[in-house]
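Q: Just passing along the structure, written as structure tokens.
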């Protein structure tokens with residue numbers, strides 16, 4: 001993406017210039033009017049014409065003095081003279097002189113409602129709505145113009161409900177709207193969603209015979225369109241005798257607001273049939289709507305069609321496209337379009353700048369972000385709070401917190417998003433102390449922290465490991481902040497505890513949340529479910545699933561996908577399949593989750609069958625799909641088919657294979673014992689092999705007892721991960737097997753680390769709703785003697801040859817040296833604790849299972865008729881009827 005450079009701007013400054021340095025041609029201070037007063041003593045008699053002359057000349061102070069002279073002479077002025085003076089106050093925005101004129105209204109010869117109406121207009125247009133309403137309410141007689149003035153006043157400031165209220169008062173006063181006032185009142189109904197009053201006005205329009213006025217009819221149509229009454233809008237549209245572009249655009253907007261874009265497009269094409277050429281507004285309505293629906297390709301096609309129709313896209317068109325692409329994850333394309341807009345000579349607005357900067361933030365492309373910032377500086381819109389907020393977010397996500405703070409400090413009128421963006425930036429970077437300092441300053445400012453601010457601080461502390469401060473803020477939010485916790489407050493704690501691996505604490509918060517009558521939402525479920533994706537959390541998964549059903553969240557596709565994945569990892573692939581089969585809508589993640597689940601359980605046939613179904617349905621596999629399918633072919637020992645799949649990734653789907661695909665290919669060769677081909681594959685890799693590739697080769701070498709290849713793979717791992725304790729232990733064993741234990745410093749170091757830092761096996765098992773921990777060689781438990789005796793008896797029954805043919809490469813010490821391994825103790829505890837043989841035993845272990853324990857688990861599953869699920873650091877083992885899902889390859 002190096003070619004995406006905005007060439008029209010020189011290297012941008014990082015330091016933000018001061019406000020006065022950046023005044024552009026669009027931000028010059030306006031010139032104020034000055035009023036002079038020169039006392040005229042030479043004119044003994046002042047006429048109305050002279051007063052009018054002074055008003056037209058803007059000499060308002062002299063006009064007021066002239067009125068005083070008229071009053072002293074005992075004369076009065078005509079109503080139209082006074083109206084001229086009031087109009088001059090409106091023209092020059094002089095509220096103060098308008099008030100002085102109001103104080104002299106008694107100088108008008110006779111009471112005239114037009115004078116009072118003009119007075120209402122003067123107050124309204126000079127910004128004093130209270131005075132305007134007071135004059136209006138005190139008027140003894142109100143005519144149509146008076147009501148129009150007052151309704152116009154409220155319309156200009158978008159106080160739509162007051163407009164509707166005035167309409168009813170007007171009707172009570174016996175005054176009916178005319179063809180000019182109807183559109184204003186109908187506009188108010190449309191904007192405040194009052195379709196009931198809109199229907200009343202519609203009937204009134206018909207009774208008064210005003211349907212013939214296109215402007216009035218368009219306003220009636222707009223009410224139905226904006227209020228979502230599509231059928232009423234279409235019926236009215238079809239019966240209209242005369243339709244202009246405004247009519248068609250209203251109908252287009254009605255369809256688009258309902259998401260019926262295809263109908264809108266048909267209507268759009270119908271405009272041509274009636275001889276009405278769509279204008280820029282028509283095109284923009286369609287383009288914007290397609291972008292909002294995520295159909296950016298259609299929107300982009302319309303924009304190109306628009307250009308070919310000789311209608312030049314305006315800034316709204318470009319902004320709509322850039323925002324649509326950015327919001328739908330097509331950020332690079334949004335930035336290319338932003339550059340194209342500049343080259344087309346279109347000046348960006350605040351929204352297009354904000355969208356482009358936000359795209360840079362998501363992509364973390366600081367260089368482009370700086371260039372767009374410089375454009376904003378040249379345009380003089382860095383004071384725009386939306387632009388400023390997006391810049392803070394961009395700099396923070398790019399790790400430039402000082403630049404982010406500089407922008408923050410430059411924004412004079414900060415809003416809640418400004419503060420929250422800067423605080424979030426500090427939290428995301430791990431600077432919770434600085435975030436807290438800003439949080440305290442915010443409390444002292446005019447903008448007080450809201451619930452999002454508190455949640456950001458809670459999330460920041462717990463994600464950075466400080467759960468005590470996070471909990472303190474969580475408890476203070478309602479007492480100190482006077483803010484009620486929302487669902488996101490609880491979610492912040494839950495996701496933080498899951499991230500820290502404290503699933504029991506996360507689950508405690510999850511339960512407390514519900515006891516406080518706070519309903520979990522999709523984010524809650526998606527935060528806590530991954531923490532339960534292990535073999536000893538099955539009951540927790542079922543509890544969460546029950547919550548999902550009670551909250552009617554099972555139809556949320558992301559939740560169903562997460563359930564499929566979690567059930568599979570917690571040992572229940574049948575539940576995963578039932579959820580998958582029950583989904584009315586599936587996406588690529590749904591298919592990947594169930595296929596990956598079957599691969600995890602060693603069910604290669606089901607995985608490959610689903611892959612075939614997926615392709616028949618026309619779904620395009622992605623990187624995750626291919627990874628699972630290569631692994632499935634490996635389990636099935638279908639090497640040639642696996643090689644074809646790997647080749648198709650780039651040849652047929654134009655996807656560049658990632659390092660995990662190469663690692664899966666080594667697994668594919670290794671399971672079938674084709675180690676020579678595996679080594680050739682590594683040598684031909686276009687990317688540098690990482691530790692996962694060499695670990696796969698080491699596993700293959702260990703299983704097939706190829707000591708030379710094991711040495712090669714192990715030494716590569718030592719180079720890549722010199723501090724890895726497990727690798728050091730394995731290499732010491734490998735050197736021992738091949739007779740390389742000379743007196744070199746390297747071997748002495750391995751021997752020392754292997755002796756001092758030997759992995760100690762831990763296993764966890766849940767029995768009767770309690771998780772029990774077992775440690776290799778531990779005899780401190782009250783039942784230790786019973787457990788050890790049971791294991792020894794089973795070992796005699798199994799009669800395992802523990803010499804491995806002289807090829808011993810394991811992460812744990814032999815039991816003769818380190819004691820009985822933890823998983824055997826866990827299996828013994830599960831069987832002894834149950835009055836009858838349990839149907840299933842679920843164990844999690846922190847190290848790779850050794851061959852001896854693997855054989856024992858297979859024997860126990862056959863001997864006692866139970867299923868054993870054991871997840872170690874290498875594989876997910878499912879023992880049943882004396883067999884294991886790993887195929888004895890792990």
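Cβ coordinates come from backbone N, Cα and C, glycine included.
Note: TrEMBL annotation is automatic and uncurated.
TrEMBL lists these features:
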REPEAT    112-142  repeat 'PPR'
REPEAT    143-177  repeat 'PPR'
REPEAT    244-278  repeat 'PPR'
REPEAT    279-313  repeat 'PPR'
REPEAT    314-348  repeat 'PPR'
REPEAT    384-414  repeat 'PPR'
REPEAT    415-449  repeat 'PPR'
REPEAT    450-484  repeat 'PPR'
REPEAT    486-520  repeat 'PPR'
REPEAT    587-621  repeat 'PPR'
DOMAIN    809-890  domain 'DYW'
Q: I'd like the per-state residue tally for the repeat 'PPR' (112-142) from DSSP, helix first, then strand, then coil.
A: 23 helix, 0 strand, 8 coil
Q: Quick test of the contact rule: Cβ under 8 Å, at least six residues beyond the ends. What residues does that give for the repeat 'PPR' (244-278)?
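A: Same-chain contacts beyond the flanks: 214, 217-218, 221-222, 224-226, 228, 230, 233-234, 237, 285-286, 288-290, 293, 295, 298, 309, 311.
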Q: For the repeat 'PPR' (450-484), find every same-chain residue at least 6 residues outside the stretch whose CB is under 8 Å from a CB in it, and list them.
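A: Same-chain residues near the repeat 'PPR' (450-484) but 6 or more away: 416, 419-420, 423-424, 426-428, 430, 432, 435-436, 439, 442, 492-493, 495-497, 499-500, 502, 505.
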Q: How many of the residues that make up the repeat 'PPR' (450-484) does DSSP mark as helix, as strand and as coil?
A: 26 helix, 0 strand, 9 coil
Q: On the DSSP side of things, how many residues of the repeat 'PPR' (587-621) fall into helix, strand and coil, could you say?
A: 26 helix, 0 strand, 9 coil
Q: When DSSP states are grouped into helix, strand and coil, how many residues of the repeat 'PPR' (486-520) land in each?
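A: Grouping H, G, I as helix and E, B as strand yields 26 helix, 0 strand, 9 coil.
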